[in-house]
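The following features are taken from Swiss-Prot:
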COMPBIAS  1-17  compositional bias 'Polar residues'
REGION    1-23  region 'Disordered'
DOMAIN    27-277  domain 'Protein kinase'
BINDING   LEU33, GLY34, LYS35, GLY36, LYS37, PHE38, GLY39, SER40, VAL41, LYS56  ATP binding site
ACT_SITE  ASP150  active site, proton acceptor
Amino acid sequence: MENKPQILQTKSKNTPNKGGKLSINDFEIGRPLGKGKFGSVYLARTKTGHFHCAIKVLFKSQLISGGVEHQLEREIEIQSHLQHPNIIRLYNYFWDAKKIYLILEYAPGGEMYKQLTTQKRFTEAMAGKYMYEIADALSYCHRKNVIHRDIKPENLLIGAQGELKIGDFGWSVHAPSNKRQTMCGTMDYLPPEMVNGNSHSDAVDLWAIGVLCYEFLVGKPPFEHENQADTYSAIKAGRFTYPDFVKKGARDLIGKLLVVDPRRRCSLQEVKDHYWVTSMLDSCRRAAEKQKAERAASLRDH
């Protein structure tokens, strides 16, 4: 019988404050930020230093009955080693007899999915800026041999400066030398190679950000259909259409990412250098500078 990791043994707990280990008593717990299948996330701050963070509280019994204990181990192992401005930091973790606590960076802008639902779709400038940020974050992950495999608005957060942050690494893997064949991720975002049950590589993340870019601009994924069979059929064929309002530059980028053959998808560097992305970044910078100048002028007038 396979041994459970120490963190998941139901009788296992670390002694509060012994050997520098944390406990829940070191934090003031605030409002809930979100709820998942295996627990909840709360706003919190440390009692000493008043450092704001988010605490993900997971129940061991639910993780074990859901068979995802190794997925959590992997998430902790991967996320604790990632430091990038567009990736949520995992600062620390600890556990008691029943729960596991992940101490995460707090993203005051909240969930990308909620923003997209409220706004229906993002402006071109915002979508382009987000595409640059996610391409930069994934380039960093891929250099460390980490494939995310579950990029979607629900797994993205917005930081204090309005920047995109990748927030959930539950499905990610360290890319081995041989290619993987596990089916994972969200149906609308699955690439053809996964739908066909073929091996896959880090190119799955390229397909996913193509879907993401489309959803940012249109408000729904490109392969969304009433039933699963039609969705899968459209994904396998790379078959989708654009509403008239999606402009040429965005179509060009999306078309270079949503390529059925994973070897022919454009690279993350090509996403960052794409003329549409760079022009949208320039628009965002100009708008930010204008806003800053207007704020400074209004302060002078008072």
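Positions of Cβ are set from backbone N, Cα and C atoms, glycine also.
Everything Swiss-Prot records as a feature, shown here on the structure.
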residue	record	CB count, 10 Å
LEU33	ATP binding site	20
LYS35	ATP binding site	9
LYS37	ATP binding site	9
GLY39	ATP binding site	20
VAL41	ATP binding site	19
ASP150	active site, proton acceptor	21
Nearest-integer angstrom distance between the alpha carbons (Cα) of GLY39 (ATP binding site) and ASP150 (active site, proton acceptor): 19
Separation of alpha carbons, ASP150 (active site, proton acceptor) and LYS35 (ATP binding site) (Å): 18
Three-state secondary structure, LYS35 (ATP binding site) (per DSSP): strand
Whole-number Å value for how far ASP150 (active site, proton acceptor) lies from LYS37 (ATP binding site) (Cα to Cα): 16
Sorted by sequence, non-LEU33, GLY34, LYS35, GLY36, LYS37, PHE38, GLY39, SER40, VAL41, LYS56 residues with Cβ within 8 Å of centre, ATP: VAL57, LEU58
Mean per-residue pLDDT computed across the domain 'Protein kinase' (27-277): 91
Pairwise CA distance, ASP150 (active site, proton acceptor) versus VAL41 (ATP binding site), rounded so that it is a whole Å: 19
